[in-house]
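Beneath this line is the structure, given in structure tokens, with notes to follow.
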Amino acid sequence: MRDLLQANGIALSVSIPNVPIREKWGKGVEFMLSCIAYSVGFGNIWKFPYTALENGGGAFLIPYLIVLFLIGRPIYYLEMVMGQFCSRGCVKIYDMAPIMRGVGVGQSLAMFVVMTYYTPVLAITLYYLISSFNAELPWSRCDPSWSRCIDSVSREFSNVNASQNMNVSAELFFTKTVMHRAPLAQGLGIPDMDLTLCLLASWLIVAIILIKGIRSTGKCAYFLAIFPYVIILILFVHSCTLEGASKGILFFLTPDWKQLFEPRVWMEAVTQCFFSLSICFGGIIAYSSFNNFSNNVYRDAMIISWLDTFTSIIVGCIVFGVLGNLAHVTNKDNIQDVVRQGPGLTFMAYPDAIAKFEYFPQLFSVLFFLMLFIVGIGSNLGVVTSIITAIRDRCPTLENWKVASVVSIVGFSLSTIYMAPGGLDLLDVFDNYGAKYVTLTFALFELITFGWIYGVDRICRDIQFMLNIDTNKFWRICWGILTPSVVFVILIGCLVDHKPVDVPEEYNIVGWCVYALAVIQLPLWAIYAICSQKKSGFVNKFKSAFKPTKSWGPENYHTREAYNLYLEKLKDSSDADDCSNVLKFVYRRVFK
């Protein structure tokens, strides 16, 4: 079909006099590396270890790998395809079905919540990076005021004997010196000045890169995507050689079959899958929208999704190897009792491992936290880019540097709250309600929109036209039936099995308000879409709101004309969108 269109003189590339205004990646490899820097980042190195620890190690790993295969990879490929096909961000892409535009708006709100707490984690990383230049790592030895403490560097007991519960100096340094941790019952407290300055520096770096546009992001991706793996492999080798490391790694790799029937574990596996691959937030759609129309996103999606899985497992082995070593030296039988769980785990386990390096611990500390800072920059770039893209798609006359500057200023102002002593507890609240629940909810509606309202058959035709690839039944079944069904079951199970975050009740109420604010976008934008239709009568307006807008399709005018001719050549039957025959509708939407 593509050859026929070209033979008739219809161009398919964007190298036509009518060049689209939208900026493009400099090279295809820059897109792939940027997606690696975005997807294989904080979700793997910061969030995955403490999520796995909180959910039973191996009991979490099995569901995580299953949902990566059945949910993660299909959604990742789908979002790449749709973003590249229409060159629209996560809100504008719902020109395919205007009545569902609230999905994109809700995902943008979730991404905004994530943006406010990803950069604070980046700031803490920068604090550790700067501290690593001291003559001796400040977390390697116990402060005299700390009781029940073991030096991370020497493993010598201090103040108490070995029979008592012990804490390593790396953990106490984080909780007492860095975060000045205090329970939320005592209030959030005042943001720490040193951490706030690190937060400011982090936001300035992100803003400077984004102000110059997507091409600047692509150039930075060469370093942001490749360098971290050098340090990850060094730490992996070292952690495996620690005494007692095998106990922690076995805990990570050995499943507790009873916990596989816990809905909470499956929910955490799905949400971690979303965080690891950064799907259903809008970032992948935004990045893909800057692609050239014929870029091979199938290849990119497979490479990145498998690399993400590999990275999560390697990082898990590193952290649990260290935890096994800590359990050995502190005489604790349960890995989960070694250190305090939660978002701060990475800043307890990794520093302790580095302090045990026999030679040049400062060098390895600088390299590690530089690596973590770099992957954090990559993750933050994707998060903020999706928000900027959604705004500029809606208001294309706004200059990129203005939008990037305003988003960065607002982001910095809101992020300072996490630099307070109770900030990490508040982070748990927003992570649970504003990211996990919102993402899971809108993932379901995104899949319904793409796979049922727009249709799997249409998606496969678009892929055939754009990439000249025949889509096999695995992808069709996942997009149309399996993936949305699994997400639906897990969402219902999680809502039924919901347990509030262990903080004062008013903070959970705030969390539910954030969730409600995101979900209410669905009916609000649906009403707006129906009222905006030019048809007469409510029924006609309602039906029209489910259909693509006239501008839907490839960004370039000539390519869109070629696409329309391609659809005419296919001679679709007139009942392609007839929902009266449910069985026929299901068959056409999924298997045709």
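The backbone N, Cα and C atoms fix where each Cβ goes, glycine too.
Bear in mind that the values here come from a model prediction, so they are computed numbers and not experimental data.
Residues 76, 118, 121, 217-222, 224-226, 228, 232, 272, 275-278, 283-284, 287-288, 290-292, 295-296, 300, 303-304, 307-308, 311-312, 315, 343, 346, 372, 375-379, 381-383 of the same chain, all 6+ positions outside the transmembrane segment (28-46), place their C-beta atoms under 8 angstroms from a C-beta of that stretch. The transmembrane segment annotation in TrEMBL covers 28-46 (among others).
Below 8 angstroms of C-beta separation, residues 39, 51-52, 251-260, 262, 265-266, 268-270, 272-274, 276-277, 279-280, 284, 297-298, 301-302, 304-305, 308-309, 312-313, 316, 443, 446-447, 450, 459, 475, 478-479, 482-483, 486-487 of the same chain, each at least six residues beyond the ends of the transmembrane segment (58-78), sit close to that stretch. Annotation source TrEMBL lists transmembrane segment at 58-78 (among others).
Same-chain residues lying 6 or more positions outside the transmembrane segment (109-130) and placing a CB less than 8 Å from one of its CB atoms are 42, 46, 90, 178-179, 194-196, 198-199, 201-203, 206, 281-283, 343, 347, 351, 365-366, 369-370, 372-373, 376-377, 379-380, 383-384, 386-387, 411-412, 414-415, 417-419, 423, 427, 430-431, 434-435, 438-439, 442, 514, 517-518, 521. The feature transmembrane segment is assigned by TrEMBL to 109-130 (among others).
The transmembrane segment feature in TrEMBL is assigned to 193-211 (among others).
Under the heading transmembrane segment, TrEMBL lists 223-245 (among others). Sequence-distant contacts of the transmembrane segment (223-245) (same chain, at least 6 residues past either end, Cβ-Cβ under 8 Å): 33-34, 36-37, 40, 45, 311, 314-315, 317-319, 321-322, 324-329, 350, 353, 356-357, 364, 367-368, 370-372, 374-375, 377-378, 381.
A Cβ distance under 8 Å defines the sequence-distant neighbours of the transmembrane segment (265-290), meaning residues of its chain 6+ beyond its ends; these are 22-25, 31, 34-35, 38-44, 47-48, 51-52, 54-56, 59-60, 63-64, 66-68, 71-72, 75-76, 79-84, 86-91, 93, 104, 107-108, 110-111, 114, 214, 259, 297, 304-305, 308, 312, 379, 382-383, 385-387, 389-390, 435-436, 439-440, 442-443, 446, 486-487, 490-491, 493-494, 497. Feature annotation from TrEMBL assigns transmembrane segment to 265-290 (among others).
The transmembrane segment annotation in TrEMBL covers 302-323 (among others). Through the fold, the transmembrane segment (302-323) approaches residues 32, 35-36, 39-40, 44-45, 48-49, 52-53, 57, 61, 64-65, 68, 72-73, 76-77, 229, 232-233, 235-236, 239-240, 242, 245-246, 248-249, 251-253, 276-277, 335, 338-339, 345-346, 349-350, 352-353 of its own chain, all at least 6 residues removed from its boundaries and within a Cβ separation under 8 Å.
Within its own chain, the transmembrane segment (366-391) has Cβ neighbours under 8 Å at 34-43, 45-46, 89-92, 104, 108, 111-112, 114-115, 118-119, 121-122, 125-126, 128-129, 132-133, 202, 205-206, 209-210, 214, 217, 220-221, 223-225, 227-228, 230-232, 234-235, 278, 281-283, 285-287, 289, 346, 350, 354, 398, 400, 403-404, 407-408, 411, counting only residues six or more beyond its boundaries. Per TrEMBL, the feature transmembrane segment maps to 366-391 (among others).
What TrEMBL records for 403-421 (among others) is transmembrane segment.
The annotation transmembrane segment is assigned in TrEMBL to 433-456 (among others).
Residues annotated as transmembrane segment in TrEMBL: 477-497 (among others). Outside the transmembrane segment (477-497) by six or more residues, the chain places 67, 70-71, 74-75, 78, 262-264, 266-267, 270, 437, 440-441, 443-444, 447-448, 450-452, 456, 459, 586, 589-591 with a CB less than 8 A from a CB of the stretch.
Among residues of the same chain six or more beyond the transmembrane segment (509-531), those with a C-beta under 8 A of the stretch's C-beta atoms are 98-103, 105-106, 109-110, 113, 429-430, 432-434, 437-438, 441-442, 445, 501, 538, 541-542, 545. Feature annotation from TrEMBL assigns transmembrane segment to 509-531 (among others).
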Non-local residues, at least 6 beyond the ends, that sit with Cβ under 8 Å of the transmembrane segment (193-211):
119-120, 122-124, 126-127, 130, 178-179, 217, 220, 376-377, 380-381, 384-385, 388, 400-401, 404-405, 408, 411-412, 415-416, 419
Using a Cβ cut-off under 8 Å, which residues of the same chain at least 6 positions beyond either end of the transmembrane segment (403-421) come close to it?
115-117, 119-120, 123, 179-182, 186, 188-192, 195-196, 199-200, 203-204, 206-207, 210-211, 384, 387-388, 391-392, 427
